[in-house]
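S.K.: Okay, here's the structure, questions in a sec.
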Amino acid sequence: QLQNKILILTICAAGIGGTFQYGYNISIINAPASYIQVFMNTTWLERMGVPLESNVILLLWSFTVSAYPLGGLTGAVVAGPMAIMLGRKMSLLLNNVFVIIAATLSGFSRMAKSFEMIMLSRFFTGVNAGVSMNIQPMYLAESAPKKLRGAVALTSASFTALGLVLGQVVGLRELLGGEESWPFLLASNVVPALIQLTALPWFPESPRYLLIDRGDKESCISALQKLRGTSDLSAELEEMLAEQAAVKGQRAKNPWELFQNPALRWQLVSIVVLSSAMQLCGNDSMYFYAAYVFQEAGIPQDKIPYVVIGTGSCELITSVTCNMIIDYAGRRPLLLGGYIFMAGWAIVFMVALSQQTQISWMPYLSMACIFAYILSFGIGPAGVTGVLPTEVFDQMSRPAAYMICGSLLWFNLFLVGTAFPFIVKSLAHFCYIPFLVVCVCTALYVWFFLPETKGKSFLEISEEFRKRNFKTKTRAGFYKGPEEIKTTTL
């Protein structure tokens with residue numbers, strides 16, 4: 001069917017230059033770490049005539065690594081105004097400028113004998129990832145039909161995982177991970193950007209944005225026809241017009257206005273809890289541990305990068321699986337299952353780490369735990385968390401909600417990256433206790449407070465949250481959602 005093809009191609013065009021870049025740029029920096037540190041030292045030696053001390057090299061390296069989440073935080077903050085002023089599609093296209101700047105800086109850094117260019121390049125790469133992590137799920141969820149909304153928005157997580165795996169593959173010594181080719185590895189992120197700049201202009205803007213933000217009904221219908229074909233659009237258009245009527249006279253909200261609005265209390269608490277938990281649950285720290293655990297399990301040092309690709313592939317397989325089942329299973333069971341399983345594996349992992357030297361088969365159990373933990377994360381939290389802000393907020397609050405989500409995501413990524421080495425130092429084998437607490441608390445929150453959003457229109461979801469936010473008040477006078485939609489005339 002041609003229309004399904006157009007939707008699939010729109011997803012691919014948005015994803016390749018969107019969240020794919022986030023995963024890709026997280027993993028390509030790992031392979032050349034030692035070469036870049038040597039480059040920093042030799043550059044300094046040439047400039048000053050004295051070599052750097054090892055702790056200074058480590059400090060410069062951690063600045064280089066933390067420039068990425070810092071850029072991400074900046075990107076998350078500018079993403080909201082960009083989505084409102086330029087539209088979803090235009091923002092994604094313009095976002096590639098940051099990657100092109102970053103690729104130029106890192107590609108010429110060795111030639112220019114400047115490690116500062118690498119730091120700056122990582123910052124711009126982060127800005128790109130921050131923008132795309134916010135705008136891509138918004139663009140796709142607004143463009144998808146209701147029954148496929150979860151699966152379509154969730155492709156953002158699949159593209160992140162795909163980027164992660166491809167980054168690990170391209171970073172192998174045989175490809176671009178060698179001592180001579182690392183500047184090309186860091187600049188290789190320009191390729192997905194060029195693909196997106198070529199492909200995305202051919203696809204329509206988000207129909208919801210065109211109608212509700214721009215008030216342009218003709219363009220909205222034309223975008224819907226491109227995405228849905230000749231099938232009857234009246235029901236979907238009715239629902240959009242009803243949402244337009246519900247937000248009539250309102251302007252796009254700022255993040256601080258969401259905190260002041262009692263009608264958005266539970267929506268806000270939900271996304272704050274889930275966005276924070278996504279980084280504080282320790283999934284990224286599993287990658288940190290992977291090399292050490294694989295070494296203990298007796299895998300030769302030079303084969304470890306190949307096994308690490310297996311961990312990335314795990315996340316890719318589960319996020320694709322999650323894509324297929326989210327609109328059948330629902331959001332709640334996937335989140336709940338993911339966090340409960342992660343809590344269980346965290347306990348087993350800590351026991352296995354503590355017995356690593358005593359029992360011969362324990363390293364293999366630790367290895368299994370790493371794969372199981374990443375699988376549990378991929379099946380629920382990795383994807384569903386990004387879908388929820390689109391579903392629980394209306395058109396006027398959505399960009400601001402994504403700004404809050406994105407800022408929390410990047411701040412917590414920075415926090416975990418900075419704090420984790422100290423947690424390992426102080427808690428040793430029991431370093432996963434803080435992550436275990438986060439997983440258990442998040443699972444409890446989902447169980448008691450998060451309503452299911454599967455297969456519901458945006459207005460029905462708003463109505464459900466409205467009941468929670470105003471439990472003591474009567475429903476009279478509130479917008480009744482679907483009952484009124486029936487009487488909307490076109």
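Keep in mind that glycine also has a Cβ here, set from the backbone N, Cα and C atoms.
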S.K.: Quick one: which of 118-139, 272-293 does TrEMBL have down as transmembrane segment?
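M.R.: Transmembrane segment, as annotated by TrEMBL, spans 118-139.
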S.K.: What average pLDDT does the predicted model assign to the domain 'Major facilitator superfamily (MFS) profile' (11-454)?
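M.R.: Overall, the domain 'Major facilitator superfamily (MFS) profile' (11-454) comes to a mean pLDDT of 89.
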S.K.: Counting Cβ pairs under 8 Å to the transmembrane segment (182-203), which of 7-24, 118-139, 334-353, 365-388, 430-450 comes out on top?
M.R.: 7-24
S.K.: State, in range form, which of 56-80, 151-170, 400-424 has the highest count of Cβ pairs under 8 Å to the transmembrane segment (7-24).
M.R.: 151-170
S.K.: I'm a bit unsure how to read this: which one of 118-139, 334-353, 365-388, 430-450 has the highest number of Cβ pairs shorter than 8 Å with the transmembrane segment (151-170)?
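M.R.: Result: 365-388.
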S.K.: Run the contact check on the transmembrane segment (334-353) against the transmembrane segment (400-424): 3 or more C-beta pairs under 8 Å, excluding pairs closer than 6 in sequence.
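M.R.: With fewer than 3 qualifying Cβ pairs, these stretches do not touch.
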